[in-house]
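Record features, source Swiss-Prot:
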type	residues	note
BINDING	CYS72, CYS74, CYS87, CYS90	Zn(2+) 1 binding site
BINDING	ASP463, ASP465, ASP467	Mg(2+) binding site
BINDING	CYS811, CYS885, CYS892, CYS895	Zn(2+) 2 binding site
Amino acid sequence: MNQELSTNPFNPVAPVKTFDEIKISLASPERILSWSYGEIKKPETINYRTFKPERDGLFCARIFGPIKDYECLCGKYKRMKYRGVVCEKCGVEVTLQKVRRERMGHIELAAPVAHIWFLKSLPSRIGLMLDMTLRDLERILYFENYVVIEPGLTDLTYGQLMTEEEFLDAQDQYGADAFTANIGAEAIREMLSAIDLEQTAETLREELKEATGELKPKKIIKRLKIVESFLESGNRPEWMILTVLPVIPPELRPLVPLDGGRFATSDLNDLYRRVINRNNRLKRLIELRAPDIIVRNEKRMLQEAVDALFDNGRRGRVITGTNKRPLKSLSDMLKGKQGRFRQNLLGKRVDFSGRSVIVTGPELKLHQCGLPKKMALELFKPFIYSRLEAKGLSSTVKQAKKLVEKERPEVWDILDEVIREHPVLLNRAPTLHRLGIQAFEPILIEGKAIQLHPLVCSAFNADFDGDQMAVHVPLSLEAQLEARVLMMSTNNVLSPANGAPIIVPSQDMVLGLYYTTMERRGMKGEGMAFSSVEEVEHALAAGEVHLHATITARIKQIDEEGNEVVKRYQTTPGRLRLGNLLPLNAKAPFELVNRLLRKKDVQNVIDTVYRYCGQKESVIFCDQIMGMGFREAFKAGISFGKDDMLIPDTKWPIVNEVRDQVKEFEQQYMDGLITQGEKYNKVVDAWSKCSDKVAGEMMAEISAVRYDDAGAEKEPNSVYMMSHSGARGSPAQMKQLGGMRGLMAKPNGEIIETPIISNFKEGLTVLEYFNSTHGARKGLADTALKTANSGYLTRRLVDVAQDCIVRTHDCGTENAITASAAVNEGEVVSPLAERVLGRVAAEDILVPGSDEVIVARGELIDERRADLVDQANVASVRIRSPLTCEAEEGVCAMCYGRDLARGTLVNIGEAVGIIAAQSIGEPGTQLTMRTFHIGGIAQGGQQSFLEASQEGRIEFRNPNLLENANGEQIVMGRNMQLAIIDEAGQERATHKLTYGAKVHVKDGQTVKRATRLFEWDPYTLPIIAEKAGVARFVDLVSGISVREDTDEATGMTQKIVSDWRSTPKGGDLKPEIIIMNPETGDPMRNEAGNPISYPMSVEAILSVEDGQTVRAGDVVARIPREGARTKDITGGLPRVAELFEARRPKDHAIIAENDGYVRFGKDYKNKRRITIEPVDDTLNSVEYMVPKGKHIPVQEGDFVQKGDYIMDGNPAPHDILRILGVEALANYMIDEVQEVYRLQGVKINDKHIEVIVRQMLQKYEILDSGETTLLKGEHVDKAELDEVNQKAMDHGMRPAHAEPILLGITKASLQTRSFISAASFQETTRVLTEASVQGKRDKLVGLKENVIVGRLIPAGTGGATSRVKKIAHDRDQKVIDTRRAEAESAAALAAPTDGVIDLGSEDSGLVETVENREE
């Protein structure tokens, strides 16, 4: 009985196996034999007549255990009483059948065989150990070449390969015993077992000190690393060659009889059978002393069979089964989505679950869901059985079963009792963030569909068009508790991604609330006064006052002191009704709803109520406004017909005007005044402006207020109400219905020049319809592809961040990052208050210009403090950030700040990494699904000027202006900025001026809002003459570096610089334009005294002729920028992935590494050499090679600052980290990622991105190993590095020097310290091979590892319980230790001592550990 109890997984009394870590290492032959219960000698599986397993076969009962519980094979011993007896007839132990899942067997191999993982998994471990190439190894292993193992006194060298003939010749020459050479895995095994690891490591270290060059040290380091890992892990190299092959238990490779006498079997049995057959044949051949060549062939076949068993298809052809299907080997069992890790360990199927279609349940409360009776009966069966038994209605489970099956009335009563206050979990796939699973209290309903509360739809992303949801029942009391306290829908009002309420009315509800809070002039009852809400309701019911009439009413309010007061408001009956639902609170006054409520406003109202009135009040409020919204929308009866789509009368005049404009552009193009590209850009611009104008007219007409004959205001247009309230439809969609559809994009993103002038109400012409199919089709294709991409991005993010958990309250770091308002193209896109909200201040925040403290250091910035910061016009704030957190594992609560979904400081144990990954990944899918709604409509129109967004005084920084012949100011510098300063001297906006921009304002001038500040050409980059003179062409040779483009349409030609490097003659050309002094014929010089020359880049269009006189400020040439591509998240998702994968962009920008002056050096082949001479003499000058023909925005003698771009393009994030540091990198990543999401109107809090970037910065690269064991170029964790360096410094040795490196999320996940987590992510075999050689230990710190080994995760309640357990265990340990010490001292007193105890004896009682061995 005892055994059964201890191995039964559902037995609560069985002691749980406790362990703190899991180690993986190589198995020695002895170890394999110790696992084995017997040798498998025959390839037979089972006897096909009796269906009994064959003796000594792959399913042998003697080795693996009985087939039926407590019954031997021949049937001599049956039942429990013979437990443990071994039958003398069939040799089977009488025990549980379950042991067939755990007992292993083995095969004694007749010849050693190399393990394919250590041979072929790159870099080949066997190859590294022996310092041989993989090709040579394979030649030896597959019996092509001999290898010299012991050269003796001959001229041969160790490890030399020889062919058969050479071997025989050498034997003739030196004699057979003069040297040893061998072939096959035996040879490799001999060589491996001869290796003295410590000696090798010493030699390699010596070599490393002397090695020079690039490759040699690298190679030595690689070998040294693997030798060290063998030394540390206690593995022996020869264990990579197998002499004994383990056989996994038969139940894990089952053989199942199908009907009709056929069998289904696991592929492994086939693979094992091949191995056994070949092995037995080889044994026989060796006994028979067969010719060498035959034995050798058999050995090679054995090697191939074992290879196929371990990893089919890794080498040679794939071994296929009967139906030409590749057999699944042991490696394939682990790999991929269907492998052991992802299919069975991380994703299990769950008992007590059901699924059904969902329908809306508007009469439910927020914490309820409707559960069909039939489903509930099935799900809660065990509970019902136990309750039936407790009530004495049934005495056995069988009886209870019958009762339930008959659905007797008492069963329904009991079901009611069972379900009361027993929450269930509802889940909708795909579960993209944690709000995809929430708990509800079930309400029993008739019918077969689950009823879902309408307000939680947005969290689940559910709608009622046939979606299905799954129900799960939390069984244990703890699970029910967690479901209620943590997962109840009422506890998840705020979104973890941005902290805004996610329980927000949508669609009908919004429309109803909008209609309720409308105010219209001239309605019945206007100007009446009411004393109370009840009176208003009375008047409404009597029809004396209209819902939208303006009235005066007295309303109860709470003042600042908390007293109840009555205030008078001018309002409408509708708003009064809504105000009556607001909880009474000074912070939620009636003014909150005394206005026209759109969707955003409703969200703000809910947010305010949640922040100030608490959770309970706000949940009740949400339920009430939901009911009101539905009711009022239903009463209003808003709907629309085709006549509600208004087409503005001014549409055709506008269109015709633009048509004339476009004709004019065509004419200019024919006359050659503009290029094809410029014409295209201008036409696209004109049409896009036209489309906007028509849309504007339509919106103006549709939203215009109209009056009836009596002078009362009419109801607004229904379509306008729907769109304006935020219920459904966008201005872009309305534009397509009633304005003009506008420009369309081709599938590659280019915009088609001819727009669609019709709208859907007028109907499209055939050509227009054809043009619009591109966009529609691209939308659908995009969706399908990007759902997968987005899911994969989320998977990688979760994997990299899964072990980032809040572990401590405060790490006490001094580091912080600076937060300031996010500005995009001069416009504030997210104010400072928004960015610091929910963060901890790292320094006191002061009112500018005084020392009044707004927020003290270490305080959490809540809404109130954020508003104070905003009002005080603080420019930037130092805040704590997960990036700079110095917690050993995970992050600390102070650096993370507020838990966005709770609104308080984050709790210890919160899995912030996963929350961050889900918050970034979840919108990815949403965005992908949003591309086609607008159907590929192009957003044309490039901005070409900038207007002041604020009033203030203009201030130029680093001005560098030139006035051209027309008196316009042209920007000539790279670093010029224009700032707008307000009266208080605070900077309100700064704009970077691009080279060639025209400035319309003067320094110190005061500007109003919308004053045009400067303009630029969005399509080309001009190159401008600094001084007047004569242009002279250098190396601009027609046909080599210049091509003349003649436009077929116009007959005009223009000169374009072509790629001169691709022509045979053009290798050394340096095309440029020099400005000459017409008097002296010398080149003109600039202030720095350098000759003025303009190097040309490829595709530049020349605007002057050779020898033409130019004036200062004239355009010499124009470089075209890329045409207007449509911005679509298509660019977005890959962009986000590219940022997190830290890929180097193709033509990445070159960033200056220190401040200094630019010098152009001697050119090298087709690259130009730029050096920066630093201002600081202690630094060396840095050289950059830039491909010729790339536009370089700096000139000889320019001063550049550290971090300036010397070559345009996207910067590589690694460069930013190296040159400007972690904070600059974080800012870059945050801005770039947020930019993508902002375009789609998705809000994500910065801290999520910071958490992911923190996980990407976990590793350090060793630059100099000092006197530590770390090797140069190795990547180590910060914790490891500190530990090693501390140890070195304690011993007075030189510490290693390292710098942080940025890893992409895939790389970072694969390099995590936990091999279980890495193996379950990607490249399983590679990760496991590496881990086993190093003898890695998995400390089980992350979530994934713990899920895989079947424990509670160390986050949330799991973390708390494990902490409590640890405390208890330590306490017990202390007691046990003191008891033991007491007992020992008592024993010592009792024992007589003769003479002095020798304390210096060998046995000092210390266990030899790694630590005291080093001393």
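Placement of Cβ uses the backbone N, Cα and C atoms for every residue, glycine included.
Locations of recorded Swiss-Prot features on the structure.
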residue : record                : DSSP (3 states)
CYS72   : Zn(2+) 1 binding site : coil
CYS90   : Zn(2+) 1 binding site : coil
ASP463  : Mg(2+) binding site   : coil
CYS811  : Zn(2+) 2 binding site : coil
CYS885  : Zn(2+) 2 binding site : coil
CYS892  : Zn(2+) 2 binding site : strand
By CA distance, which of the binding-site residues (CYS87, ASP463, ASP465, ASP467) lies nearest to CYS895 (Zn(2+) 2 binding site)?
ASP463
In whole Å, how far is CYS811 (Zn(2+) 2 binding site) from ASP467 (Mg(2+) binding site) when you measure between their Cα atoms?
46
Which one is closest to CYS885 (Zn(2+) 2 binding site) in space, judged by CA to CA distance, out of the binding-site residues CYS72, CYS74, CYS87, ASP463, ASP465?
ASP463
Can you tell me how many other Cβ atoms are located within 10 Å of the Cβ belonging to CYS87 (Zn(2+) 1 binding site)?
20
Quick one: pull the CA-CA distance for CYS892 (Zn(2+) 2 binding site) versus CYS74 (Zn(2+) 1 binding site), whole Å only.
64
Neighbours of the Zn(2+) 1 site CYS72, CYS74, CYS87, CYS90: Cβ within 8 Å of the Cβ centroid, same chain, sequence order.
ALA61, LEU73, GLY75, LYS76, TYR77, GLU88, LYS89, GLY91, VAL92
Cα of CYS90 (Zn(2+) 1 binding site) to Cα of ASP463 (Mg(2+) binding site): how many Å, rounded?
64
Please report how many Å separate the Cα atom of CYS72 (Zn(2+) 1 binding site) from that of CYS811 (Zn(2+) 2 binding site), as a whole number.
62
Would you identify which of the binding-site residues CYS72, CYS74 has the most other C-beta atoms lying within 10 angstroms of its C-beta?
CYS72
Same-chain residues at least 6 apart in sequence whose Cβ lies under 8 Å from ASP465 (Mg(2+) binding site):
none
Report, in whole Å, the straight Cα-to-Cα distance of ASP463 (Mg(2+) binding site) from CYS87 (Zn(2+) 1 binding site).
64
Please identify which of ASP463, ASP467 has the densest Cβ environment, defined as other Cβ atoms within 10 Å, among these binding-site residues.
ASP467
Where CYS811 (Zn(2+) 2 binding site) and ASP463 (Mg(2+) binding site) are concerned, what is their Cα separation in Å, rounded?
44
Looking only at C-alpha atoms, tell me how far CYS74 (Zn(2+) 1 binding site) is from ASP463 (Mg(2+) binding site), rounded to the nearest Å.
62
Quick check: which same-chain residues outside CYS811, CYS885, CYS892, CYS895 lie with their CB within 8 A of the centre of the Zn(2+) 2 site CB atoms?
THR808, ASP810, THR813, ARG880, PRO882, THR884, GLU886, ALA887, VAL891, ALA893, MET894, TYR896
